[in-house]
């Protein structure tokens with residue numbers, strides 16, 4: 001069949017599941033490198049803790065890459081096909097993202113302009129993709145979403161570009177405004193966006209792959225701790241912390257998610273950003289706990305903040321779960337209670353050896369078994385349908 005530059009996409013909502021294409025996985029490769037670079041920003045300590053500026057840089061640069069990745073993924077989910085123009089934009093954005101990732105190595109003041117140029121190009125490129133989608137034959141609600149996302153990205157690109165031509169605090173104001181505009185402007189239109197819903201199984205799979213990349217960073221963090229010449233009993237305990245977090249996420253993503261569902265996707269986007277932030281902080285917490293002279297109270301705050309971000313994201317995704325599971329409020333109550341109790345115990349015993357290692361593993365393992373219990377015992381009817 002001859003490839004068409006513009007296609008009839010009016011029946012896209014009839015797809016039960018949209019397959020993840022190999023080109024999307026290829027696009028993810030640059031983000032593997034970027035995430036590894038971003039994670040390093042919170043591995044440096046001063047006076048027993050991490051400087052606030054490093055936290056801000058970690059948060060903002062994670063948000064930059066996550067926003068770029070999410071908009072490209074959202075476009076592909078709604079309008080993307082295996083056709084020349086879509087592949088071209090995907091590879092072009094990947095090329096620019098490489099330079100953006102490289103820019104993370106330098107001091108913020110020295111690389112600020114290159115970062116803004118890359119962000120502006122990526123936002124403009126993504127905006128153009130949404131505007132070109134208007135040439136396809138699409139439903140009115142999809143047309144509204146394409147216009148909204150296209151205009152949003154264009155405004156964000158203009159703000160990022162403006163940041164290059166101003167100086168002093170204003171350049172940071174415009175940069176932050178560009179990122180926040182891209183991230184937050186669609187929120188007031190959530191109900192209308194939902195009418196142009198994303199294919200949830202496809203989006204869930206894409207975000208799951210990004211989370212797996214973050215778990216990979218956590219595993220790499222463990223390799224900086226483990227020493228084959230000096231084996232220690234804490235090694236399997238640290239490994240259990242990572243495995244328990246992954247196990248809970250696996251149960252949520254592969255067993256409890258509703259497979260035939262269209263929605264705005266905004267909550268899923270926010271939820272996975274929180275999880276990515278949490279996993280990055282967890283990686284820093286584990287490495288700093290083993291390698292750096294960090295204040296005991298700060299280590300406890302960092303690890304439990306990481307847990308709070310990760311599990312908050314997990315709880316937010318409950319709305320995409322199986323219809324028999326979304327009404328279950330157990331996790332919304334019991335997980336915060338467990339985290340609070342864990343924090344109190346860890347803080348009281350903070351001067352004891354391996355307090356953080358043990359409390360972290362016990363907390364994550366307990367929450368994993370709660371997920372497992374709900375899946376296997378409390379809702380056996382879901383299990384029978386798998």
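In case you wondered, yes, glycine gets a Cβ from its N, Cα and C as well.
Using a Cβ-Cβ cut-off under 8 Å and counting only residues 6 or more beyond its ends in the same chain, the transmembrane segment (55-75) has close neighbours at 24, 27-28, 31, 34-35, 38-39, 41-42, 90, 93, 97, 100-101, 104, 108, 115, 119, 122-123, 126, 129-130, 133, 149, 153, 176, 179, 182-183, 198, 203, 206-207, 210, 265, 269, 273, 276-277, 280. According to TrEMBL, the transmembrane segment annotation covers 55-75 (among others).
Annotation source TrEMBL lists transmembrane segment at 87-104 (among others).
The feature transmembrane segment is assigned by TrEMBL to 110-132 (among others). Sequence-distant contacts of the transmembrane segment (110-132) (same chain, six or more residues past either end, CB-CB distance under 8 Å): 64, 68, 71-72, 75, 79, 85-86, 89, 92-93, 96-97, 99-100, 103-104, 146-147, 149-154, 156-158, 160-161, 163-164, 171, 175, 178-179, 182.
If you look up TrEMBL, you'll see 170-187 (among others) marked as transmembrane segment.
Residues or ranges marked as transmembrane segment by TrEMBL: 207-226 (among others).
What TrEMBL lists as transmembrane segment is 232-251 (among others). Taking Cβ pairs closer than 8 Å, the transmembrane segment (232-251) reaches residues 208, 211, 215, 218-219, 222, 225-226, 275, 279, 282, 286, 310, 314, 354, 357-358, 360-361, 364-365, 367-368, 371-372, 375 in its own chain, all 6 or more past its ends.
Counting same-chain residues at least six beyond the ends of the transmembrane segment (263-288), those with a Cβ under 8 angstroms from any Cβ of the stretch are 35, 38-39, 42-43, 45, 50, 58-59, 62-63, 66, 70, 74, 77, 186-187, 190-191, 193-194, 197-198, 200, 203-204, 207, 210-211, 214-215, 217-218, 220-222, 224-225, 238, 241, 245, 249, 294, 299, 302-303, 305-314, 316-317, 319-320, 356. The transmembrane segment annotation in TrEMBL covers 263-288 (among others).
According to TrEMBL, the feature transmembrane segment maps to 300-318 (among others).
According to TrEMBL, the feature transmembrane segment maps to 330-348 (among others).
The transmembrane segment annotation in TrEMBL covers 354-374 (among others).
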